[in-house]
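Taken from Swiss-Prot, the feature L-isoleucyl-5'-AMP binding site applies to 582, supported by sequence analysis. Residues or ranges marked as ATP binding site in Swiss-Prot (evidence: sequence analysis): 626. The Zn(2+) binding site feature in Swiss-Prot is assigned to 916, 919, 936, 939; the stated evidence is sequence analysis. Taken from Swiss-Prot, the feature motif ''HIGH' region' applies to 57-67. Annotation comment: Swiss-Prot describes 623-627 as motif ''KMSKS' region'.
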């Protein structure tokens with residue numbers, strides 16, 4: 001007889017190989033065809049709501065690995081919340097306006113298109129990009145309302161954004177003023193703080209002499225009767241700002257020195273600089289000198305010095321006063337700061353505080369980076385080309401003390417990677433320290449309070465965002481672009497004042513935009529709204545900062561507080577969101593702008609929690625770079641290894657820091673996946689012939705080890721659900737992996753094989769095991785589903801078609817309509833866990849001894865061994881309670897327990913009996929049945945009799 005055929009060998013259509021790259025597109029198509037997302041919504045209706053508001057990616061270019069990380073994390077959270085019993089929608093969004101798309105249109109069609117044509121082509125381009133990105137996001141297994149996303153360029157969103165502008169204007173936050181803002185010459189526009197990045201750059205660093213003018217006043221400041229000719233010396237890394245100099249700054253508490261030097265410079269023998277900087281400065285200039293007098297900086301206030309280019313061109317024949325400034329330091333330079341208020345924030349603030357009118361501020365640099373033609377010596381030159389010319393002119397004028405090359409970190413445009421300057425322009429601002437008209441706290445105050453009330457994951461994000469808000473300048477709302485939501489103001493042609501009915505007019509414009517998009521503003525004749533007043537007013541041509549677009553989506557999409565605005569998806573979502581989740585750069589981006597708009601509109605943030613993930617780097621910790629050749633595209637990983645591997649990599653990695661990825665790292669993830677898949681295959685195969693409705697064993701009648709396995713499963717489920725609740729995904733993955741490999745694979749399933757394969761197919765022993773396995777399988781699949789979505793769905797379909805096929809009440813469209821599995825109550829769970837934890841420790845010691853004996857060649861497999869255990873009273877009771885089932889737990893052919901006062905002692909010997917050809921145990925009763933001499937008595941009973949007596953394992 002072929003006894004192998006008498007075994008209950010497992011079988012399942014769930015294949016060992018995942019073939020993920022080939023099979024996953026089929027699941028994506030099936031989810032689309034069967035409307036899985038809509039099924040989830042129907043199953044979740046009426047539950048407590050959980051809102052994750054999607055930070056919109058920009059609608060330009062293919063998605064990269066950072067996008068994949070972001071969307072996978074969001075998908076894990078939304079799926080886990082739905083399965084935890086919430087109604088968690090996922091409405092994806094896209095950021096559609098702004099410079100990058102405008103640049104693409106310019107590249108393709110040139111720079112001279114009419115505005116309306118730029119806008120129509122930009123809309124079409126954005127839609128193309130969205131379609132490409134949407135396909136890639138869906139390929140990652142991300143479920144969402146992909147057919148109805150929110151787009152910042154949807155007419156309703158554009159209209160509501162104009163309404164938001166009206167509300168913050170009405171509250172008193174918005175004002176117009178001349179201020180230095182981040183300016184990109186290539187963009188031809190102001191930049192937001194989040195659009196500026198820093199990179200190393202080499203610039204000329206120069207020491208420049210400003211000649212004395214009123215020597216009598218200078219002498220009095222230093223307590224002298226008179227002074228010779230000389231100059232005060234400044235240090236700067238921006239020679240191009242020298243033509244715009246209007247003041248000098250010194251620190252009131254720093255000591256400044258008059259130094260007589262040799263050889264004598266062009267402007268005279270005396271130099272004025274901070275006393276602490278005299279020695280290094282003279283050494284750098286190649287001069288000798290002695291200090292003849294000192295004075296505190298405050299004594300120098302109001303003294304005037306001649307412009308260093310006065311000798312080179314008559315247009316510079318002016319003087320600059322000294323103002324006091326606490327920001328002056330002695331780290332570098334001379335302790336004297338040159339001030340060009342049009343090109344520096346501190347310079348601007350200082351000069352304005354001393355009464356300089358906006359109209360008197362010198363701003364010769366145009367928006368394209370060139371000096372105005374009328375500027376003496378340098379008119380028409382770009383500021384960068386002018387730098388060496390200015391240095392040469394200073395030298396000819398006798399005002400150049402030193403020029404050196406300096407490598408330093410400098411502001412650059414994040415799009416063009418070109419240098420950015422501060423440039424004073426007339427812009428619209430949201431005031432950080434303006435008190436709103438209702439008398440409430442300032443924007444800065446309410447934003448800082450809002451940060452304190454927000455949960456941060458990880459916790460360090462709070463201090464980072466707090467520091468940014470505490471130190472940031474006013475928000476520059478306006479941009480000088482074409483593809484953006486208009487700041488739809490009517491401005492008086494003579495006074496520059498807004499129309500007195502601006503808030504009302506903004507609503508009228510919004511109603512038009514709601515029907516025709518921002519193009520409606522372009523085509524609007526002011527007379528339609530202003531009548532005869534139209535002759536007095538002009539349309540403001542500025543557009544809103546794109547960070548205002550995305551930063552106001554909590555109102556335009558979620559509907560705002562109490563749903564006042566309605567919102568494009570206000571019915572599905574709610575304000576405030578439970579969570580915003582983005583990369584760490586968004587502390588100064590979307591998190592930041594959303595906080596400010598929320599606080600301006602409602603006095604507090606639009607979110608309850610902020611989750612931050614790090615950037616992706618390669619295996620060596622380097623940033624992804626095409627030039628380095630270390631870029632890993634998510635599309636390539638999906639097409640070769642499968643998106644499931646990307647999902648497992650994301651979930652396995654601590655996202656709070658940098659996420660490392662490489663081919664080697666992905667290989668390790670593949671191995672982890674295979675082990676999980678093999679566990680699932682074993683589980684599915686061994687419940688394939690089981691009917692959950694008609695064959696399940698009541699909990700109280702389950703074998704002891706099966707009850708313990710369920711107690712283990714319950715503990716694991718509680719831990720993993722807790723990790724999901726706290727957004728700690730890598731510990732969740734680790735716990736699932738440990739459960740599969742150690743709790744199941746190396747322990748429970750290893751022991752269970754004998755009972756599953758050798759007992760009668762319908763026996764209580766086997767059905768007890770299958771009952772436990774089905775609970776374990778359902779628990780495991782549902783816990784894995786948020787992460788391993790494709791695999792969990794594949795396995796769920798197999799389970800639904802076999803063990804669960806007769807359950808009438810269970811929806812079978814998808815695993816994602818399920819909630820976490822409800823395990824039976826465990827009255828004895830704690831006692832079981834304590835007992836079996838000790839049993840597992842003893843078993844591990846037995847396995848170690850068995851391995852020693854096997855290595856010595858005394859036995860082949862562990863089943864050839866007979867074990868005697870000598871144990872103290874407590875251990876003896878535990879071991880003896882299993883009776884003959886102890887041998888199945890230890891996977892040996894005999895296990896005998898002996899009482900002993902000492903600690904555990906284990907003796908192992910090779911069995912002298914024959915091996916059963918069916919169960920492979922070495923037993924004394926092999927051959928005692930004449931009809932079946934090759935098998936043991938247990939197997940004879942299981943095949944032809946009443947079955948073996950067994951209740952523990």
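Just so it is clear, glycine is given a Cβ too, placed from its N, Cα and C backbone atoms.
When other Cβ atoms within 10 Å of the Cβ of residue 939 (Zn(2+) binding site) are tallied across all protein chains shown, the result is 27. Each of the binding-site residues 582, 626, 916, 919, 936 was scored by the other Cβ atoms within 10 Å of its Cβ; the lowest score goes to 626. Each residue contributes its Cα atom, and for residue 916 (Zn(2+) binding site) and residue 626 (ATP binding site) those atoms are 63 Å apart. Surrounding the centroid of the Cβ atoms of 916, 919, 936, 939, where the record places Zn(2+), the chain contributes additional residues within 8 Å, namely 758, 917, 918, 920, 921, 923, 926, 935, 937, 938, 940. Cα separation, residue 939 (Zn(2+) binding site) to residue 582 (L-isoleucyl-5'-AMP binding site), rounded: 60 Å. Looking at residue 919 (Zn(2+) binding site) and residue 582 (L-isoleucyl-5'-AMP binding site), their Cα atoms lie 56 Å from each other. Mapped onto three states, the DSSP output places residue 582 (L-isoleucyl-5'-AMP binding site) in strand.
If you measure from the Cα atom of residue 626 (ATP binding site) to that of residue 936 (Zn(2+) binding site), you get 67 Å. Counting residue by residue with DSSP, the motif ''KMSKS' region' (623-627) contains 0 helix, 1 strand, 4 coil.
Spacing of residue 936 (Zn(2+) binding site) relative to residue 582 (L-isoleucyl-5'-AMP binding site) is 63 Å (Cα to Cα, whole number). Residue 936 (Zn(2+) binding site) carries neither a helix nor a strand DSSP state and counts as coil.
Under the DSSP three-state reduction, residue 919 (Zn(2+) binding site) is assigned to coil, being neither helix nor strand. Across the residues of the motif ''KMSKS' region' (623-627), the predicted structure has a mean pLDDT of 82.
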